[in-house]
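As written in TrEMBL, here are the features:
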type	residues	note
BINDING	Gly21, Val22, Gly23, Lys24, Thr25, Thr26, Arg129	ATP binding site
BINDING	Thr25	Mg(2+) binding site
BINDING	Asp43, Arg67, Gly90, Arg147	substrate binding site
Amino acid sequence: MGAYSNIPLRERNIVLIGFMGVGKTTIGQLVAKKLYRDFIDVDQEIEKRHHMSIPDIFEQMGENYFRKIERELIVDLCTNTRLKIISLGGGAYLQEEVRNVCLSHCIVFFLDLSWECWKERLPLIVDNRPVLKNKTLEEVEQLFFQRRNVYSIHNSRVLTNNLDPETAANEIVESIKWTWEVYEPNE
Ligand code: S3P
């Protein structure tokens with residue numbers, strides 16, 4: 001794990017991690033609004049900067065290239081910005097450098113969802129997720145649990161089963177405020 005940086009907790013970016021389609025973007029936008037912070041979705045930022053959709057980047061430049069620009073953007077955001085809410089693409093956190101920079105500079109929040117709840121979302125998201133294409137349900141399930149092991153390295157977690165985005169965002173905000181108060185109380 002990377003060295004713990006000395007950024008005050010209240011100024012740290014809040015990074016949302018979790019499997020594809022758990023609601024990182026929707027919930028992240030709500031959290032940002034509630035905390036009066038800017039929101040950055042890493043995938044949207046990559047699409048904007050490269051003028052290409054994520055599926056097109058995968059198809060035309062390959063996954064390795066995507067992982068490189070994804071990693072570079074996250075390292076840049078984590079080391080050079082503060083007070084943001086940042087949602088990562090579901091595969092980003094698998095890269096060790098990404099995990100290290102997030103854990104050392106930010107507060108990492110895992111949006112957890114059970115496999116039973118998640119698999120109902122699969123038909124809604126499969127078309128623009130190159131990583132899910134041509135996989136059987138069993139293979140997707142395997143990927144879900146493999147990645148869950150990696151997501152288990154986090155600072156805080158919220159189980160979003162049966163929670164609407166507004167409620168999930170409220171839980172995250174409460175948990176963050178509690179962390180701030182306990183570790184860096186206002187005089
Ligand atoms: C990916 C997840 C996607 C996107 C890309 C790869 C992954 O983001 O970054 O398609 O490997 O899990 P979401 O988690 O926002 O779907």
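Glycine is treated like the rest: Cβ placed from N, Cα and C.
Unlike curated entries, TrEMBL annotations are predicted automatically.
Taking a Cβ distance under 6 Å to any atom of ligand 1 as the criterion, the binding-site residues Val22, Asp43, Arg129 reduce to Asp43, Arg129. Using a 10 angstroms CA-CA radius around Gly90 (substrate binding site), the binding-site residues that qualify from Gly21, Val22, Lys24, Thr25, Thr26 are Gly21, Val22, Lys24.
The most crowded of the binding-site residues listed here (Lys24, Arg129, Arg147) is Lys24, judged by how many other CB atoms sit within 10 Å of its own CB.
Sequence-distant contacts (6 or more apart, same chain, Cβ under 8 Å) of Asp43 (substrate binding site) comprise Ile54, Gly89. Its own atom aside, the Cβ of Arg67 (substrate binding site) has 16 Cβ atoms within 10 angstroms in the protein chains shown.
A Cα-Cα distance of 19 Å separates Thr25 (ATP binding site) from Arg147 (substrate binding site). The Cβ of Val22 (ATP binding site) has 23 neighbouring Cβ atoms from other residues within 10 Å, across all protein chains displayed.
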